[in-house]
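Encoded as structure tokens, the structure appears first; notes follow it.
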């Protein structure tokens, strides 16, 4: 019975996903060549019919046929699944081999200031802080430059060779999970360091390699098993951008194609007004195919999960880690000058200062058009590659991308900052009510909410919601002269609200976990014994813990929302889009919010032919994320590391293997 109750939140998550997918996406008329439909074509009768068709498919165990060609869905999914399985298999191999090896090395070397340890941790800091889409865009731009400079053929987009089409995407896909795995394994190794069984093994004359293989590694496998789900979730999340940016026809690419995303144009075409009703061109949203791909992704996820669990059992997973406490020791990271916070603050201050002084840096105006270049008998048109006149190149119109990115930085920070603050505030309230107040229904909501965002990557959830026509066209207006269709600020509020809702569950769950951990401390038991009620104890002992967690979560959510806005822009889902008429019958898709996500959306359709058009906004997003991650690491270190002390002054172990410490509550 308890298992059934624990499974209810996940069943609720599945129901939410089904309701979103089955939401009407326009009037489906597959037998006609025209896809122009009213933008407000929602009818409850159609929604009911969609749910009835879904129920019939579940009863008959049939996925149906595709909307465009009428082909059976299972063979199409199986055809595309092998590409994703190949990428994920190689990526998980890298994660297990490199991640575990790096974690063991860092754990053994963390008390020393060796060159290898400094290099290892420095590489992790840099690559872990850089968004994967920035690495992809940089590599594609570099390959494009090498082709033009040395006349060699290096194709990363749509590559079919083994190295460029499998190994390179797998390496990019494995970067973030490798560092996640190594961090957890390192903590496990540090917990085992100095324990009697390791000292005895060394005293018997066993080499370091044999001690690691026979004793240390088996005790780390329990940690690998516990972190397996978030690592797989990270791989699936990275698979979204890998397949879409590099044009790899796998499960994620097929899912987005079934949703009507082709990467070259918005999901919905230019609207127009006819007899007081807005119409638009609708891309086909094949709900049966979307459900088929989602179902296939779930199967692949559990396939990898149980396969790796079996491998861990064969390697000697003991299901529980070694129970004995380890001797406290100095950490190389906890000593010395904290340069990360200073560097991070300097980087973000430099970016903000450059954005404020953008008009005084000698850069071209953000709207100045460089229409043509003539060199001898050759004439070229934009987009122009990076050059001394345009350091990061120009867009397809001829506008300087560095100047535009600088001018769009402060509005982006404003949107992201407000959203992050509101999201963290709401999550902190829910987490506190769930833990401190002990409201069970709030805990159920928080756990269900977190289950939703754990199962569904934030980007995929945002796309499924924001591409619903009723949501997409909210706030649509037309100028009286008919030369522009634009969206009101309501559109920005809706997009930011969706992102906040998707992130709030994780914040609430994190705060709930932090407060639960603090409530279990002995000093909280003492506070209750002396007569303090829950809220008095919270005010006296837990308020600081909550504020520390909130500060960390604000920085984390700022980065998360910033990256989501940027990536959604690549999918043509910016905060305030607009269609502007620039000539007879010529319309362009632009934005009026002037943020970095809008800069992504304006240039996404030119990425295949001129990859540098996305380099400027990607660089600014990566710069911001990297600098804030440095600040976050510095704050986390100050809040969670113990002061340096000699071994003679370390707390002495007591009977049950625990130790007496004056350290405050931890938020790990």
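Each position is counted from 1, following the chain as shown.
Including glycine, each Cβ sits where the backbone N, Cα and C put it.
TrEMBL has this to say about the protein:
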TRANSMEM  7-28  transmembrane segment
TRANSMEM  81-105  transmembrane segment
DOMAIN    81-312  domain 'ABC transmembrane type-1'
TRANSMEM  125-148  transmembrane segment
TRANSMEM  154-176  transmembrane segment
TRANSMEM  227-247  transmembrane segment
TRANSMEM  290-308  transmembrane segment
TRANSMEM  339-358  transmembrane segment
TRANSMEM  413-439  transmembrane segment
TRANSMEM  451-474  transmembrane segment
TRANSMEM  486-505  transmembrane segment
TRANSMEM  554-573  transmembrane segment
TRANSMEM  612-632  transmembrane segment
Best-contacting stretch, by C-beta pairs under 8 Å, relative to the transmembrane segment (290-308) and drawn from 81-105, 125-148, 413-439: 81-105
Contact between the transmembrane segment (612-632) and the transmembrane segment (227-247) (3 or more Cβ pairs under 8 Å, separation 6+): no
Dominant neighbour of the transmembrane segment (81-105) in 125-148, 227-247, 413-439, 451-474, 486-505, by Cβ pairs under 8 Å: 227-247
Proximity of the transmembrane segment (125-148) to the transmembrane segment (413-439), 3+ C-beta pairs under 8 angstroms: no
Positions whose Cβ lies under 8 angstroms from the transmembrane segment (451-474), at least six residues beyond its ends: 9-10, 13, 16-17, 20-21, 23-26, 39-42, 229, 233, 236-237, 240-241, 255-256, 259-261, 267-268, 271, 278, 280, 282, 285, 487, 490-491, 494-495, 498-499, 502-503, 505-506, 560, 564, 567-568, 571, 573
